[in-house]
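Novice: Just passing along the structure, written as structure tokens.
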Amino acid sequence: MSVRNLFSWTAVIGAYSNSNSEDYVKGFRFYRKMVLSGIKADNFLYPLVFKACGGMKGLRRGRRVHGDVICSGFEWDLVLMNSVIDMYAKCESLEDAERVFNEVCVRDIFTWTTMLTGYVQMGYGRDALEFFKVMMCSDVRPQSATFVGIIPVFSDIGCFEMAKQIHGLAIVNGCNCDKFFGTVLIDMYANCGGLGYGRLIFERVKGKDVVCWNTMIKGYVQGELFNEAVELFRRMVLGGIKPNKTTFDCIMPLYLQGGKGVLELIHLLERMNLKLSAVSNTLLNQIYEHIDDVKQVKELHRYLCRDGCISDNSVAASLIQLYSKFAVIEAAEEIFSSITVKELDCWNALIACYAYNKYTSKALDLFNSMRKAGIQPNLLSWNIVIAGFVNGGDYDSALQLFTDMIWTNQNPDLRSFDIILPLIRSNTCSMIGKELHCMYLRNEFEMCKFVSTAFINMYGNCGDVAYAVNLFESMESKDLVSWNAIISGLAKNRCLDEASKTFHEMRRAGVTGNIITWTTMISGYAQNGLVDECLKHFRELQLEGLKPNSITIVSILPACAQSATLSHGRSIHGYIIRSALDDEDLIVSNALMDMFAKCGCLQYAERVFRRLSQRDVVSWNTMIHGFAIYGNAEAALALFDQMVAEGAVPNSITFIGVLNACSHAGLVNEGWKQFNSMGSKYGITPSGKHYACIVDILGRRGHFEDVRDFIVQMPLQPTASLWGALLSACKTHGNAEMAEYAANNLIELQPENPGNYVVLSNIYAKAGRWNDVDRVRKMMFDRRLKKSPGGSWVEIGNKVHGFAVENNLAKQDMEEIYKTVLDLVAVMIEEGYVPDVNTVCFEDMAET
């Protein structure tokens with residue numbers, strides 16, 4: 001436009017003033033340009049400028065325009081002053097608004113209403129009521145807009161009687177129930193517990209818009225009248241009123257929670273021909289949460305494709321996450337591929353999909369592809385891929401990725417530490433754990449109880465008991481989890497006295513232990529063979545009113561097996577039966593079988609095995625090993641055949657039991673057959689233990705040349721167990737030459753084990769090679785090795801008594817013992833026993 005006059009400027013500024021916040025700024029800029037061009041505003045333009053200032057909350061600019069009005073001499077214009085008051089109220093400057101209001105000599109209802117609305121909008125409800133009372137005492141008559149301004153105060157108060165009074169006052173003043181006034185009345189009654197009144201007003205309102213419908217529906221929802229809310233929603237749709245985001249946020253959660261389901265909701269949206277843009281993100285998230293099968297995901301996917309929203313990165317990412325939840329990887333990949341410009345959220349979603357479903361290599365490949373594509377991973381990206389490797393059991397890769405993340409200057413957050421700390425669980429990781437602790441402190445994270453406990457667990461797993469104790473003692477407040485962590489760390493590292501002391505200290509501090517605390521103590525005693533302490537704590541925890549769980553039972557059974565005390569094991573078995581733990585937990589049943597087998601009670605172990613409704617490979621292995629140890633090769637091999645026939649897949653431990661069974665029964669051909677089937681049939685690479693079993697099989701049958709050839713040809717370095725098996729076979733067959741070959745290799749691997757020297761010396765003695773006996777004895781003397789004293793155990797009265805060789809017995813005791821032994825030997829000889837005295841020489845010399 002070549003010539004701009006006041007009218008043209010007013011038209012442009014007015015257009016911007018009736019728009020959004022960005023246009024308010026543009027409108028004000030046009031006003032400044034107009035002033036700079038020399039054109040003066042009039043009393044018709046100023047209200048538009050004040051509206052723009054109020055819309056963008058530009059108090060400083062509004063005051064400047066107010067100054068222009070005063071300079072122009074328009075203070076007399078009441079409409080203009082009303083707009084000034086409105087501007088100050090919207091800019092939240094109540095003092096300025098009150099000042100202008102007080103300066104206006106002649107006020108109309110709009111002046112009062114504008115000021116009243118300002119009080120209400122700024123949250124000054126009490127001041128608004130006082131102002132309303134003053135207004136009612138003046139010579140103005142309130143209008144609908146006045147009541148629309150004051151009624152929200154009564155909604156906040158929530159008093160039904162006051163609501164009726166203000167409604168009556170509005171009627172007396174001739175207010176018509178139009179859609180604006182009717183809507184605020186409905187909202188007021190809904191908040192004051194008068195939904196019946198609200199519904200009557202709703203039915204009387206003519207030309208109801210979506211806001212009016214939403215207000216009534218929201219009232220029903222707030223009053224928990226859900227059926228009425230849904231029914232009104234249906235009526236609204238049938239009446240041709242198109243719901244908006246507010247409607248859906250209000251009614252759709254009821255639709256989902258009412259059992260209608262996601263599919264019916266999607267079909268409803270389609271029937272209403274509504275696009276996804278009509279649904280808020282809050283509702284979408286609720287839809288995602290209620291999806292419980294892949295059919296619903298596919299239906300939602302179809303709807304989103306029809307709606308054209310699938311190209312949106314956030315929508316695509318959400319769909320990928322849903323498909324990931326049901327492991328439909330191909331569909332997730334297709335969605336990802338269909339996105340032209342992929343943002344970080346979309347990359348993270350597919351990486352998480354791979355990681356969640358344990359496709360760790362794919363997750364890492366996609367992670368690296370994202371970086372190559374120029375998309376820098378955020379902390380969430382790193383946490384996702386690291387957690388994927390943790391869930392997949394690849395802890396080394398997880399630690400390496402965590403290190404890579406640090407090298408990229410990406411600081412970890414609490415979630416990162418939560419993922420990585422449980423992996424630091426061995427002595428070799430101790431330094432890494434300390435570095436993580438320092439890193440945590442450098443990042444100035446709060447050292448809360450949860451984090452302190454995590455580090456205590458870490459130090460306990462790494463064997464750094466001193467660090468764990470220091471950190472525990474530095475904690476200002478300790479909860480049960482913290483106490484459990486330090487007790488567990490002490491028990492794991494065989495500091496049982498300190499663990500017991502801490503346990504009692506915890507109880508003195510008024511902290512009651514839970515089943516985890518007691519199980520930790522029982523496990524610590526069990527790992528150190530202290531069966532009596534295990535059983536004592538097992539009884540005490542029940543006296544405390546706690547119920548042992550499967551972990552408690554699995555902790556105590558190995559101790560019973562180690563002591564070979566059947567009575568203790570049967571006592572625990574009784575508790576298991578009473579608690580039905582063997583029916584619930586396969587791990588308990590497996591541990592029970594193992595205990596009975598090691599206590600020599602195979603009939604009980606087999607009874608437990610036969611009762612199992614389902615068995616895993618550990619169940620089969622336990623029974624096979626039990627039969628093998630006690631020489632019942634036929635039963636062990638039959639059970640192995642049954643295992644294979646029932647579809648169970650044997651592992652390397654299974655074959656150790658099978659080969660041991662063949663060894664004890666002297667089944668050379670069967671042993672070779674099973675050994676060869678490991679690789680050819682089951683894809684299992686034999687370990688050193690399997691090779692040792694073959695050596696034992698051949699050695700027991702005296703096939704020493706085959707043993708020598710086998711050892712030379714085997715692809716692994718012979719282990720101590722292999723040489724030990726060969727040495728034992730040499731003792732049985734009196735093969736001194738091969739024994740010497742085996743013993744030399746065994747002593748090289750285990751120079752501090754006196755048993756190896758004793759076996760070799762006995763073999764020499766049996767062969768009459770006394771010079772070699774002296775040589776071996778001298779080797780033991782030079783290395784300060786002593787033969788471990790013999791010992792035996794006997795169970796009497798539910799208690800195990802141990803016996804060992806003693807050198808400091810009194811003469812009277814010695815005479816009595818020897819007399820008893822000679823009497824027993826005499827009886828044995830009468831029964832046909834022929835003593836072997838060839839090795840007695842070494843036993844005598846070992847004691848001198």
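In case you wondered, yes, glycine gets a Cβ from its N, Cα and C as well.
Not my notes, these are from TrEMBL:
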REPEAT    108-142  repeat 'PPR'
REPEAT    209-243  repeat 'PPR'
REPEAT    343-377  repeat 'PPR'
REPEAT    378-412  repeat 'PPR'
REPEAT    479-513  repeat 'PPR'
REPEAT    514-548  repeat 'PPR'
REPEAT    616-650  repeat 'PPR'
Novice: Can you tell me the mean pLDDT for the repeat 'PPR' (378-412)?
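Specialist: It averages 89.
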Novice: Looking only at the repeat 'PPR' (343-377), how are its residues distributed among DSSP helix, strand and coil?
Specialist: 26 helix, 0 strand, 9 coil
Novice: For the repeat 'PPR' (108-142), what are the DSSP-based totals of helix, strand and coil residues?
Specialist: 25 helix, 0 strand, 10 coil
Novice: DSSP-wise, what's the residue breakdown of the repeat 'PPR' (378-412) into helix, strand and coil?
Specialist: 26 helix, 0 strand, 9 coil
